[in-house]
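Asker: Annotations per Swiss-Prot:
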- 224-324: domain 'Fe2OG dioxygenase' (DOMAIN)
- His249, Asp251, His305: Fe cation binding site (BINDING)
- Arg315: active site (ACT_SITE)
Amino acid sequence: MCIYASRQTVCPYLTPFKVKRPKSREMNSSDVNFSLLQSQPNVPAEFFWPEKDVAPSEGDLDLPIIDLSGFLNGNEAETQLAAKAVKKACMAHGTFLVVNHGFKSGLAEKALEISSLFFGLSKDEKLRAYRIPGNISGYTAGHSQRFSSNLPWNETLTLAFKKGPPHVVEDFLTSRLGNHRQEIGQVFQEFCDAMNGLVMDLMELLGISMGLKDRTYYRRFFEDGSGIFRCNYYPPCKQPEKALGVGPHNDPTAITVLLQDDVVGLEVFAAGSWQTVRPRPGALVVNVGDTFMALSNGNYRSCYHRAVVNKEKVRRSLVFFSCPREDKIIVPPPELVEGEEASRKYPDFTWAQLQKFTQSGYRVDNTTLHNFSSWLVSNSDKKST
């Protein structure tokens with residue numbers, strides 16, 4: 001679950017992390033064809049990851065299952081129990097499961113079905129929705145238009161979301177794929193609307209879990225925000241011990257809500273090892289991202305995670321990343337700073353700044369927020385001298 005960018009920046013204003021781009025690339029999205037790659041005896045070396053990144057899982061992660069029905073129905077006792085479990089998970093590793101989340105019956109299953117429909121289209125038809133460099137929305141295969149090594153073994157369809165009207169998800173897909181594929185856009189639009197509504201509820205529950213006097217603080221903070229929706233398709237891989245569907249990373253966004261199919265693949269780094277998050281029928285995975293870690297003043301942990309692949313089965317997941325309004329200052333509630341500016345863990349920043357950092361040649365990992373914060377402080381010091 002990742003907003004991709006490269007491990008080191010080539011953005012001109014991020015001079016501490018400048019690197020030299022390769023002069024040429026072996027592949028790009030127009031020529032990465034996983035159907036053909038699967039027929040080859042070996043996986044191309046561009047898809048190999050370092051040994052430390054592909055270290056095997058050491059077991060299953062026992063995540064709390066948060067039943068949202070009490071919170072959604074206004075039951076204060078059940079809400080407080082849910083908030084307590086959320087707090088414990090977010091302080092430990094930044095992830096938990098939610099059930100009884102209020103989605104319309106059958107919507108999640110239909111969205112997964114539609115994702116299979118899209119990824120089952122011909123390569124030429126999928127490329128009609130090709131992601132233009134610099135844009136959020138579009139289709140990619142292996143992200144080879146951006147990277148030359150450590151490529152993810154996946155195809156993705158990423159769509160920018162903003163609460164409408166207009167219906168930006170549906171409009172983008174219909175404009176690219178044509179009216180005869182209108183159902184794809186309609187279902188994904190409905191699913192994104194439901195995900196966004198759930199995010200607002202989760203933001204309030206997070207505020208309660210932190211003991212904020214104004215329990216709606218985070219809900220209101222994100223009311224005018226946006227989202228990024230991503231469909232992931234992980235084909236079978238002949239050398240899963242060397243490849244990854246998505247490399248180890250923390251999401252730079254606020255919180256991430258993930259729908260898995262029934263194939264194992266999501267792993268979280270917790271208590272010093274990689275641990276598997278097994279799919280559970282009816283449950284959604286919620287991960288804390290870097291932006292919310294900053295909004296919590298470091299009290300809640302950004303979830304470090306990855307996606308592994310296997311030899312036999314296709315795996316699908318649908319992911320919704322929540323983002324604040326681009327120009328809104330990311331600053332924790334005053335009560336989390338204990339009245340002392342010196343206790344601030346991260347400097348003020350905007351989502352636009354962090355997004356530019358992660359989209360300008362920096363591959364997100366578990367040091368993104370630290371590196372970004374260091375650059376902000378360094379740049380501020382230079383301006384003041």
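Each Cβ is built from the backbone N, Cα and C atoms, and glycine gets one as well.
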Asker: Could you tell me how many residues in the domain 'Fe2OG dioxygenase' (224-324) are helical, how many are strand and how many are coil under DSSP?
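Answerer: Helix/strand/coil tally for the domain 'Fe2OG dioxygenase' (224-324): 6 helix, 47 strand, 48 coil.
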Asker: Which one is closest to Arg315 (active site) in space, judged by CA to CA distance, out of the binding-site residues His249, Asp251, His305?
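Answerer: It is His305, whose Cα lies nearest.
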Asker: Of all the recorded positions here, His249, His305, Arg315, which one's CB has the most other CB atoms within 10 A?
Answerer: His305
Asker: For the domain 'Fe2OG dioxygenase' (224-324), provide the mean pLDDT of the predicted model.
Answerer: 98
Asker: Run through the Cβ atoms and count how many others sit within 10 Å of the one on Asp251 (Fe cation binding site).
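Answerer: Its Cβ has 28 other Cβ atoms within 10 Å.
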